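Enquirer: So Swiss-Prot lists the following for this protein:
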| type | residues | note |
| --- | --- | --- |
| TOPO_DOM | 1-93 | topological domain 'Cytoplasmic' |
| DOMAIN | 17-83 | domain 'HMA' |
| TOPO_DOM | 139-145 | topological domain 'Cytoplasmic' |
| TOPO_DOM | 189-314 | topological domain 'Cytoplasmic' |
| TOPO_DOM | 338-345 | topological domain 'Extracellular' |
| TOPO_DOM | 364-656 | topological domain 'Cytoplasmic' |
| ACT_SITE | ASP401 | active site, 4-aspartylphosphate intermediate |
| BINDING | ASP601, ASP605 | Mg(2+) binding site |
| TOPO_DOM | 677-680 | topological domain 'Extracellular' |
| TOPO_DOM | 701-1172 | topological domain 'Cytoplasmic' |
Amino acid sequence: MALQNKEEEKKKVKKLQKSYFDVLGICCTSEVPIIENILKSLDGVKEYSVIVPSRTVIVVHDSLLISPFQIAKALNEARLEANVRVNGETSFKNKWPSPFAVVSGLLLLLSFLKFVYSPLRWLAVAAVAAGIYPILAKAFASIKRPRIDINILVIITVIATLAMQDFMEAAAVVFLFTISDWLETRASYKATSVMQSLMSLAPQKAIIAETGEEVEVDEVKVDTVVAVKAGETIPIDGIVVDGNCEVDEKTLTGEAFPVPKQRDSTVWAGTINLNGYICVKTTSLAGDCVVAKMAKLVEEAQSSKTKSQRLIDKCSQYYTPAIILVSACVAIVPVIMKVHNLKHWFHLALVVLVSGCPCGLILSTPVATFCALTKAATSGLLIKSADYLDTLSKIKIVAFDKTGTITRGEFIVIDFKSLSRDINLRSLLYWVSSVESKSSHPMAATIVDYAKSVSVEPRPEEVEDYQNFPGEGIYGKIDGNDIFIGNKKIASRAGCSTVPEIEVDTKGGKTVGYVYVGERLAGFFNLSDACRSGVSQAMAELKSLGIKTAMLTGDNQAAAMHAQEQLGNVLDVVHGDLLPEDKSRIIQEFKKEGPTAMVGDGVNDAPALATADIGISMGISGSALATQTGNIILMSNDIRRIPQAVKLARRARRKVVENVCLSIILKAGILALAFAGHPLIWAAVLVDVGTCLLVIFNSMLLLREKKKIGNKKCYRASTSKLNGRKLEGDDDYVVDLEAGLLTKSGNGQCKSSCCGDKKNQENVVMMKPSSKTSSDHSHPGCCGDKKEEKVKPLVKDGCCSEKTRKSEGDMVSLSSCKKSSHVKHDLKMKGGSGCCASKNEKGKEVVAKSCCEKPKQQVESVGDCKSGHCEKKKQAEDIVVPVQIIGHALTHVEIELQTKETCKTSCCDSKEKVKETGLLLSSENTPYLEKGVLIKDEGNCKSGSENMGTVKQSCHEKGCSDEKQTGEITLASEEETDDQDCSSGCCVNEGTVKQSFDEKKHSVLVEKEGLDMETGFCCDAKLVCCGNTEGEVKEQCRLEIKKEEHCKSGCCGEEIQTGEITLVSEEETESTNCSTGCCVDKEEVTQTCHEKPASLVVSGLEVKKDEHCESSHRAVKVETCCKVKIPEACASKCRDRAKRHSGKSCCRSYAKELCSHRHHHHHHHHHHHVSA
């Protein structure tokens, strides 16, 4: 019986159809009651809504009782010009005015020749006759449904004007009125085309992966696997089960950059597969996918009205009858009083009558609201009602949840301990992870992943009686044990009256979770989380808008305060240890100060979201309940969209005020002109028409992008795999330029090697970190204009091989680091999501003077340079740059010079020369050394080099004694490349590491720790090719190019043969060219300077010419052993076109296998030679 009812319900739903109609006859809200009355009278119509600005009617009807064409026919009987809109259609049908308007206009124009030949004045009457039909038809339809509208008023005006023999005026009225209808339709189409394209994002067809059959998306069931080729739009929400690609989600979330997708990634209908072939297992029906829900929300929002709109609509009902009454009085009273010049009074009455249409006033609010809602939707913000847009413009306080809103919600398990002797750690972890598998909290997923990483497999099916206690924790029964997991408050649920005192680490914002087995505290765990990028920027923007910010979290106060510190103490109020009801209570208190918004993403936030004046829920990733409760939905996780939404709401409110004022002033102006003795009927019609158009065009300004103020930035071509690092949620104009800084050529354009396409650049500024000891100086010659205030993260996005990506912190694949014998313990410590991080990360700020040019002279830290050092006694400027020292500090030497910013020409005699003074504190007797750096003509930053901002230096420096030699190892600070490609992108230390060679003491001052912060593959591959002694890395590899097809390594030694690993970062592997993703410098061969045969080799000393080494020293060219040529090694394995998309992994695994084999073969050579 139940099954039968379900089947009947399904049939009933299938019979119901949603149809869209373009109704061109809608002028303003005065037509809405006419449409409603028509639709009410039709059998089979269940629901309907009218969107006035877009002239759209949406009808849900029984397809068996009434068809869309029958509904359109009923609307057209009232002369509403309705058409059924075909799915996905956004083209404008009426590209040209109606024939009535064209003929009427031509005849009116010819009638002006009456001054030459008077009988031609009758052409004006013909113009009236030619254009009056549409107006008459609409007026007749209005009379049938007794209602006075503008069409009836125009007919009365035309008849009266003709009666007074003002033929040209009557013709002008008819022509202006008929042409205005077309102009308004065209203007409103431009405003609505964006929204119509948004509504039809998802395709109507899908291809079944197994059979290749093309079917309607409505027929696709849940768990069906559909195929999506490159360039196609994803038809339905689902999970990728095969293949990988990049997806453009801009239309859905506002995300400007392509989002990489691989197996188990979620994809949404309406987003575009840019490259690659993927198979998607559907997770919802076509009508339930995110884009369909989004379209429904937008439709509901557009058909809703603000309070001001409802007030204007109510007033307009009385406005028109009142104007008709006034007009009648103006015409009749002078006749009764037998006033002279009755024609003037009749003209005046007609001007008043034509002013009786309040269309401009009525449209002033809905058009502005419509445009604002459209702009918000295309930016990844869904505002559920026009009223919420109005409220958002008045917001005074915004409160944020912490986990998943301010922070990423991507936790790392720092510690997991069992406190009970009879319960081992694995058993406890098994119970906890099994219960957590049933929770949707971000912490739960982290604990489940942690359990799997230590080979503990959770079994959620074994958990009984699962319960969730919002703000406290969760409960589940497994293996006969009652397991309670949560914060301190969960103790009371477990029946533990006194919480045992245990020492837990809450420093650094760690979140502590407690595990109770029955009434006994059995264990605890520590989790840490990081703030989202862009949050502090969003808070600063909200402050600049005069909005107070607050954080409300159920997490402990220490974690809350740590997040506040991470954000630079930008929040005004911070509350920790809150239950859901506590959040609601605090929101109530905030509301006393002014309208309050709450931003959250979880079940715990639902009560607070409902209590606030505006609830903003965090997007597609947010829980379903939060999305339902929120008044505004943030489709992405970028909090910077919130100040943007507030600005948009305030702009929309201003536009409404402007529109209302414009409408009233113009109407009042024409009436004042008429009463002042100039009653122009055609002018009154023109004002009526013009007001509507002005209101529409003024509102459409909301759809325009506001120009960003500031210098244009130089990017690589969008097709490059080496785009600048982009933080999560960054817009396309906010890009980390640290790795993307390139030179500018003399013609004011960035070089093509930097930008891909030449972008014009007037003011080119070098990015410079700020510090306490230095002010920001602009350095000419480098592209990029973003001045950073904080030391940048050490590693780029995408460095981890795991799914979860972080944009800051040290990142190395944990598995690769653990496997490598060369990486010391402190680099093997646990990082987040399988990433290594270094405990000894330090940032040093050092000062270098760039003013003086004479060797062996110390630069004074303050004041002018000594005479003769510079032209015109130019002021010495500090260059302060952070030196990142990873692992252990350098032995015995504090390096005080770093050539990150050598693009400085303002203080030297020659533009081709840069002087810097290095301070090496190896001993008291060491003199100050001055380094002369020559820069090539093409600009201060070398073109064609992926190693931005670094300049080669010779082995012997000016002012050095013969025994003292300095040099540098230059590592590429390049952006991330795709996934784990071996490339210059693997090198991540930001800047240059110096080494010093002291002959007298017969010792080499080198690093103790290799600076290997690469993706999993590169970490192993590069170390494979370098020698090792006693477990310490003595050399640092540097990939360089000798020819197009070779990548050279900078390891040294005659007997040591070092590796060359050439990988492609693009799908096409048959080309013989070495890709830019792999190589560092196309015109350079690194050589190694050996000081003495018996001494240890200092690797990485760069020698430009052989004469830099004395006769007893030899410059040895680096040869290659671990060579993987592209065509033979990779292309042969990837030649199958069906598997072409997996080419990169093929090449990578092959190279790794080959290189590892060679490494084992030559390992004893490495050891022997370096120990010599």
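In case you wondered, yes, glycine gets a Cβ from its N, Cα and C as well.
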Enquirer: Can you see whether DSSP assigns ASP601 (Mg(2+) binding site) to helix, strand or coil?
Expert: coil
Enquirer: If you count, for each of the binding-site residues ASP601, ASP605, the other Cβ atoms lying within 10 Å of its Cβ, which residue has the minimum?
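Expert: Candidates: the binding-site residues ASP601, ASP605. Fewest Cβ atoms within 10 Å: ASP601.
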Enquirer: In Å, rounded, how far does the Cα of ASP605 (Mg(2+) binding site) sit from the Cα of ASP401 (active site, 4-aspartylphosphate intermediate)?
Expert: 7
Enquirer: For ASP401 (active site, 4-aspartylphosphate intermediate) and ASP601 (Mg(2+) binding site), what Cα-Cα distance in Å is obtained after rounding to a whole number?
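Expert: The Cα atom of ASP401 (active site, 4-aspartylphosphate intermediate) is 8 Å away from the Cα atom of ASP601 (Mg(2+) binding site).
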Enquirer: What's the number of neighbouring CB atoms sitting within 10 A of the CB on ASP401 (active site, 4-aspartylphosphate intermediate)?
Expert: 28
Enquirer: Please report the DSSP secondary structure of ASP401 (active site, 4-aspartylphosphate intermediate), reduced to three states.
Expert: coil
Enquirer: Which residues of the same chain, at least 6 past either end of the topological domain 'Cytoplasmic' (139-145), have a Cβ under 8 Å from a Cβ in it?
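Expert: Result: 34, 37, 77-79, 151-152, 154-155.
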Enquirer: Can you work out which residues elsewhere in the same chain, 6+ from the ends of the topological domain 'Extracellular' (677-680), have a Cβ less than 8 Å from its Cβ atoms?
Expert: 344, 347-348, 350-351, 670
Enquirer: Are there residues at least 6 beyond the ends of the topological domain 'Extracellular' (338-345) whose Cβ is under 8 Å from a Cβ of it, and what are they?
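Expert: For the topological domain 'Extracellular' (338-345), the sequence-distant neighbours (Cβ-Cβ under 8 Å, at least 6 residues beyond its ends) are 164, 330-331, 677, 679.
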Enquirer: DSSP helix, strand and coil counts for the domain 'HMA' (17-83)?
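Expert: Split by secondary structure, the domain 'HMA' (17-83) comes out as 21 helix, 23 strand, 23 coil.
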